[in-house]
Amino acid sequence: MAAGGRLEDGSLDILQSTDDDPLLDTQPLPHHSLHAHFRPRFHPLPTVIIANLLLLIHVVFVTLAFLTGVLCLYPDPNEDKCPENYTNPLKVQTAIILGKVILWILHLLFERYIQYHHRKVRSRGYSQIYRSTRHLKALALTIHSSGNTALLLLLCVQYSFPEPNKLYLELILAVLALELICSLSCLVLYTVKIRRFNKAKPQPDVLEEEKCYAYPSNIASETGFRTVSSLEEIVEKQGDIIVYLKRHNALLSKRLLELATQPART
C-alpha cells in the first residue's frame, strides 16, 4: 500500500511536472509552416541584364569605330581628320582609343559587380555555379586588357614610324574586331550559364546531393572522394559546405526562436 501510494504520488509528480513545463504547452507547428519557414529561398543572379547591356555597348562601339575609320580616314589617310568634324577637336584615332579606354573601365566595373554577386551566391551554398564560372567571370576583362596592350604597342610603333597611317588604322580596327569576337563568345557563354542557373532555381548544393542519396542514380556525388577531382578542389568544396551549414544553422536557430515565441504572443 505504501509502495502503491509512493508510486501514485510519483505519477502525480510526473504529471504535475509535465503540466508545469511551459515548453510542452506550445502546440506543435504544422508541417507546411515549418516547410515554408525553413526551405531556402532562391535568389537569382542579377548579372545577366548587365552582361547583355555591356555586350550591346561593345558592339555599338566597334561598329562606330569601323564607320569612323572608313568614313573619316580612308578619304585622306594622312590627314587623320573627319571631313565633317565629327570628332573635332580630337583626331580619329584619339577618339577611338578614348572610347576603348572607357569600354575597358566598364568591363572592370562589371567584373567587380559579378564577383560581388557570385561571392554572395557562394555563401548561400551554391559552390558549383561559383566554380564553373570562376575563370569565365574575369576572362572578358583579360581579353580587353590584352587588346589594350596590343593597341599600346601599335601606338608606340606608330610614334616612331608614322608612315603609313592607313596601315595602323587597319591594324587598330583588326584588334578591335578580334577583341569583339573573343569577348562576345565569353559573355554569351557566361549569360547562357547564368540563365540556366536562374531558370532551374536549384536548392543549395548540399540539399541537391541529399536528393542524390535519397534517389540514387548514375550521377556520382561530389561530396566524397572523386578520382577526377584534385585534392585542392575537394578541400575547397568541403570548406564551402561547412561555411554554408554554419550560416544555415544560425538562420534555422533564429527562425525556430521566432516560431516558438509566436504562440506566447497570441
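The backbone N, Cα and C atoms fix where each Cβ goes, and this holds for glycine too.
Judged by membrane topology as recorded in Swiss-Prot, Asn88 shares a side of the membrane with Pro164. Applying DSSP to the topological domain 'Lumenal' (159-168) sorts its residues as follows: 6 helix, 0 strand, 4 coil. Between the transmembrane segment (53-73) and the transmembrane segment (169-189) there are at least 3 Cβ pairs closer than 8 Å, counting only pairs 6 or more residues apart in sequence, which means the two stretches are in contact.
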